[in-house]
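These features come from TrEMBL:
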{"type": "DOMAIN", "residues": "35-172", "note": "domain 'MATH'"}
{"type": "DOMAIN", "residues": "192-319", "note": "domain 'MATH'"}
Amino acid sequence: MMGGEMMKKELTEEEKGAMEEVAIDTVREERHVAPAHYSMTIDSFSLLSDMVANSYLEQYESREFEASGYKWKLVLYPNGDKSRNGDGYISLYLVMADTTVFPAGWEINAIFKLFVYDQLQDKYLTFGDGRLRRFCAIKNKWGFPQMLPLSIFNNASNGYLIGDSCVFGAEVFVIKSEGKGERFSMIKDPSDGTFTWEVQYFSGLTGEFYYSKVYLAGGHEWKLKLFPKGHIKQRGKYLSLFLELDDCTKSHTGWKLFVEFTLRIKDQVQSHHHEKTIHKWFSASENNWGLVSFISLSDIKNPSSNFIVNDTLIVEGVLNRLSVLKEFA
């Protein structure tokens, strides 16, 4: 706490009106935390103000400081930046320093806040608009020409100028594009997207499950997984059928693939096929999808269904829609 016995007073109606005249899109907030990147303390502010008023300078520039990997300066107009309608205000700007080392066409995108310290309340009044500002060769200075009315700033009871001393500050966060991203699209009916598997000697299958060969479609490897006597709880009641993505270990971390697919048991005589269409996201943890109760074993074995001919069952998987994700860097 600074400022001796002086107590913070409420703004007068006139001072409140002056504050409301500050740019509408400027967001003012109070906080106790000091500026993250730079603080500028000015003693003998009145002498600086007089010196600037009686010279051609009009402004005071801070030393260079580094923030977010770049060098900056604060530029203070203690009597206001008259060229930008700042007469009667404190004007404060953030300026990029040492830009001569940058290549032609350079630009730096940053979000920043400027600060003035309230010494009575031990708080900082922050000024910002939350917008991303582009610093470039044409415009390397951004800030607030009407940051704070001088009538408020110079009044010691407001806490900003105590004992002719004041503190300003800055935070700068540069947005650096790493050029990474992704492009998502969908393809319909990819070529070679129908997988036909003739399961021979079906009546003699004794294993829990069987895999088809691997099929290549849509840039991925697939296979069908058949449980001829059903999967776990449906064993002995239903045939279970799944589509499995076989090359999931080749994908990047966190990958996922949307697939609309149809699983089918073919009627080999009248084309009254039994089929189900499924929509699912495939991932490393869930690389196969299907139906435990795909079709009852009684229906499979019914001769009139024509699903088994010459002890051969024909199973199909069809990719209807498939997502495509391309990364770029």
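Heads up, the Cβ atoms here are built off N, Cα and C, so glycines get one too.
Just so you know, TrEMBL annotations never went through curation; they're auto-generated.
The average pLDDT the prediction assigns to the domain 'MATH' (192-319) is 93.
Shown for the domain 'MATH' (35-172): DSSP residue counts in helix, strand and coil, namely 22 helix, 66 strand, 50 coil. Per DSSP, the domain 'MATH' (192-319) is made up of 17 helix, 66 strand, 45 coil.
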